[in-house]
Each structure stands twice: as C-alpha cells, then as structure tokens.
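Student: Among the features that TrEMBL reports, active site is placed at 8, 192. Residues or ranges marked as compositional bias 'Basic and acidic residues' in TrEMBL: 290-300. The annotation domain 'HotDog ACOT-type' is assigned in TrEMBL to 1-110, 166-275. Per TrEMBL, region 'Disordered' is recorded for 288-316.
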C-alpha cells in the first residue's frame, strides 16, 4: 500500500518508489530461477532497465500489485518483464500503471565479481526465443554505445539565467549505507527523486515521471562508497522535459580506487496543475553548441518514442 512517504507533495507516488518495486520483483524471480539448478549459490544483480512508461500515476492509499515473468535467458543474463497495477481498495477500481523490461546477471555469493551461467528457460514457441535474442543483442549494443559516452561531466554554472540548462542542473552527494543496499551490499536501483527535483526547479510546478529511458548500470556501487548524482535538462517539448542523470562512485572503505561512472539514464517528466491537468513546459534555452547538440539528440528520442506510442495505440 502506498503511504505519504512514498509520494510527492501532490500525493503522486514517486517514480523511484515504483522503479524500486519493479527492480525487487525482477531480482526475486531472477534469483529464484538462477538457483533452480544445483550449483554455486548466487543473487541476481540488476544490469539494465529498458524504457519504462508511466501510463498512469499511483496515489497515496492505493495498493500496487507487481507481477514479473522471465521472458528470455542468455548464457549470463536474464530478461524479466514486469507489470504494475494499482488498485483502489475502497472502490475496487484497477488500472495498469507501468510496464518494464529489466536485465539481470547472477553473481556468486562466494565471489561477487564472478558472473555465473544462467539455466535456460523453456519457450512455448521458437519465435519467442528469436525475439528475445534480438532484444538481447539490441540492449547489448546500446549498453556499449552508452558506456562510450560516459566521459561526460556536469559542471556548475555561476548565476545561471532561468530556464537555461545551468539553471536546473546540480549535483547531490550521498554516503551509501546499509539501507541503500541489496543482500550483497550493492546499491539498489530505482531512485529518481533527484531528477524530479531538477525538473520541478525548471517548471516551478508539480511534476510526475512520464517515462524512463534505458537505465544502464555500468558497474556495481558498494556500501561505504560516496556517490555523486548529477543531472541536467537536455530537451523540452510543449508538455514534457528530459533530464539526463549520471551517478559517479568514489569507493574508499574497502578498495580505494578512482572515481568511476556507475549509472547513466534519461528521465522524462510532465508538469501538472493542482487539478492534475498537463501544463505547458517552459522551453529550454540552449546556450552552447554542446547543449544544442544534446537538445537535438533529445528531440530525436522524443519523436521516436512518440511514434512508438502511436503505433501501440493503433494496434490496441
């Protein structure tokens, strides 16, 4: 059941809260499957979250029902598809709020740096395996391309003008404690409150998560690390805004090493009135060539997503 501490001031449940439930459901079913045969015990670790659309907001007092299904396995990874449905327990009304695809890898409990083999699943038809393999190759290629861009850094801007990239961007520093971690001592996925704050700063209104582009977990973050979460606005349409988020880690407790890029993602938000109606988003003012380039890239992602949604609606 969703409680006040799961939601923003307007009563809408944080996207990060929903993402965390999705991640946990995927981790449970993946870990169970990877330990279904005799062998070295392991725990499934999140490697990637595919694009997740927030079809409808979840509100305080509603019950979130999360279901997960394994849809493909490669030699060292598991694809899980997760659906979230909200239920108003007073009226009985139900609605689908989220659909997501996640990828996990099994890590040995004896050596967390060792990736184990995944037991294969039985497919009901050959096309299912072929389609799953295609998705696997596509996400593998995208992860590689994303990692190649991970040299980007976000620097603070002194006295930025309103609605510029520098106006909403910032960084937060957090010491990773036990409550932030999984059983293996690595950070949970699924937190988007920081990106939400940056979107709210740009709009000065209530904002809700509309979608999450692929979240790539490039490296594990251990307990005791200091993480820096940085974000900047990359694109705005009439009613949505895209935030690029980086998470960099500084491990210094167990194994001191250089700072590294652990996570990268794009979050999309919409601005809402007090009545929950969509509001126009102030247009992002780009000042540098890099900002203009990122704006055009964001526009490309926006148009691609818009086309996919229209195709899905026509099929429905």
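Just so you know, glycine gets a Cβ as well, placed from its N, Cα and C.
TrEMBL does not curate its annotations; it predicts them automatically.
Could you give the neighbours, burial and distances for every feature on this list?
Tutor: Cβ environment of residue 8 (active site): 14, 196, 206, 208 lie under 8 Å away, each six or more residues apart in the same chain.
Residues of the compositional bias 'Basic and acidic residues' (290-300) grouped by DSSP class, helix first, strand second and coil last, total 11 helix, 0 strand, 0 coil.
For the domain 'HotDog ACOT-type' (1-110), the DSSP-based tally of helix, strand and coil residues reads 23 helix, 51 strand, 36 coil.
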